[in-house]
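Participant: This is the feature table in TrEMBL:
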DOMAIN    A:23-212  domain 'ABC transmembrane type-1'
TRANSMEM  A:25-47  transmembrane segment
TRANSMEM  A:59-82  transmembrane segment
TRANSMEM  A:88-108  transmembrane segment
TRANSMEM  A:193-212  transmembrane segment
Amino acid sequence: MDVTFQFDWQAAIDSIPFLLEGIPWTLLISFGGLAIGFVIGIVFGLLRINPVRLLRWPAIAYIEIFRGTPVLVQVLFIFYGLPQILGGPINALTAGIAAIALNAGAYISEIVRGGVQSIEKGQREAGLSLGLSRPQAFRYIIWPQALRRMIPALGNQGIVSIKDTSLFSVIGVGELVRQGQIYIATTFTALEVYFMVAMLYLVITLSLSYALRLLESRGLVGQ
Amino acid sequence: MNDETREAAQETAQQPPIVRLAKVNKHFGNLHVLQDIDLEVVPGEVVVIVGASGSGKSTLIRCVNGLEEFQSGNIEVDGNELLPYGKSGKSLQTIRTEVGMVFQQFNLFPHLSVLDNVTLAPIKVRGWPRDKALQTAHKLLERVGIQDQAAKHPGQLSGGQQQRVALARALAMEPRLMLFDEPTSALDPEMIGEVLDAMRTLANDGMTMMIVTHEMGFAREVADRVIYIHGGQIVEQGPPHEVLDNPQNERTQSFLSRVLKH
């Protein structure tokens, strides 16, 4: 067979220590953003189904705006655009976390809404009929069941957001892709390095998938 | 009937009603589901409500604990008042803590064990210490014959067992009135008996009960009064042997001939 390219394993392995320096940034942006996004998602997801229309529409507006615009545009807007309003620079890490939080928050809002609405109305009625207040019925009966149903969708969102952080190489935050680009600039080993970058993303996302599967199977006991 | 129970029965008769519905009207859009319902239930009384599906019988008992709003009239439960359009304020929750309900679909909490299903409300609503709630729960589960399933989750139980857990869960709040919304309609035939048995025991213990059911044999045996509802109105009511065996109203006759045929 005529091999027209050579995959230099040594070059790939050599790049690992440098690439690994990007991992903490990737993880920090991903999980920092997702944690804040989860809080945003709970708040706006519940506002989205609030009986009071005045509370519903800001939630709808937020969700539509941040779900309907690219996360790359969002981070560019935050990093390059917002400083013109604020009058001072925003550091790249903050901009990255904020973009993931706002973007994932919009999607998670819809996940929360779907999860809560999927719980049969008889559950709430049973809770209320026992004398629980509405907040108690939500907290002890509806939310635990909704959360369990939300896990697969939250896992999806987590993986999407982790991969989205690769876009933030454009604002110069030293995450995985950025580290790869810097490395390639001096070694010209694009094939090997991007391959390794891809592998490292897989390690992160597969770990998350596995953790979520564990969580799900443990949570489903007895149901 | 011995003297003691007769005395008790007389006392019961003289007691003020625990449930009083006065001119209750409810609409679902254009549908007039409840029309000028007047109804009183005295403590210890077992009232069975029968009627075709869509007649308003479920809606009627769901109004009693405020799961359904009504548009005019008023409902009083144990001295607490429910007002139209759900504007009942604090009395709504007071009523719900004093009134238990068993649903057609059981509505057990699938994420909680049987024991936690039964102890949740006593702990969170009544503020009982866990020990006391557990003790009561075990006693109630024993009473309905499922003490050995306490650690399981609802999904692991049969329909009949689930409905008995639901009964124990409601009783754990020590209600003064129990509502049953077609408690056996979702059950396989062979499990209906065990649920009716548990309800029969409860009735014999003197619980005030309002029961919507299609089990006419059970109604005949347990009810102090049978109410026939048609088109959102109380058409006929009285002791079971009158309403079920010798109905005066044409509609009641036609309903019963359809129900009792099979």
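Just so you know, glycine gets a Cβ as well, placed from its N, Cα and C.
Caution: TrEMBL annotation is automatic and unverified by curators.
So where do these features actually land, and what's packed around them?
Facilitator: Remote same-chain partners of the transmembrane segment (A:59-82), defined as residues 6 or more beyond its termini with a Cβ less than 8 Å from a stretch Cβ, comprise 44-45, 47-48, 50, 90, 92, 95-96, 98-100, 102-103, 105-107, 109-110, 164, 167-168, 170-171.
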Participant: Could you give the residue numbers and ranges of same-chain residues that sit at least 6 residues beyond the transmembrane segment (A:193-212) on either side and whose C-beta is under 8 angstroms from one of its C-beta atoms?
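Facilitator: Tertiary neighbours of the transmembrane segment (A:193-212) are 7, 11-12, 15-16, 19-20, 23, 26-27, 30, 151-152, 154-155, 158-159, 162-163, 166, 176-177, 180, 183-184, 187.
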Participant: Could you pull out which residues elsewhere in the chain have a CB under 8 Å from any CB of the transmembrane segment (A:25-47), counting only those six or more residues past its ends?
Facilitator: 55-56, 58-59, 62-63, 93, 96-113, 116, 154, 157-158, 161-162, 165-166, 168, 173-176, 204
Participant: Apart from its near flanks, which chain residues at least 6 from the ends of the transmembrane segment (A:88-108) lie with a Cβ under 8 angstroms of it?
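Facilitator: For the transmembrane segment (A:88-108), the sequence-distant neighbours (Cβ-Cβ under 8 Å, at least 6 residues beyond its ends) are 25, 28-30, 32-34, 36-42, 44-45, 62-67, 71, 74-75, 78-79, 82, 154, 157, 160-161, 164-165, 168, 171-173, 175.
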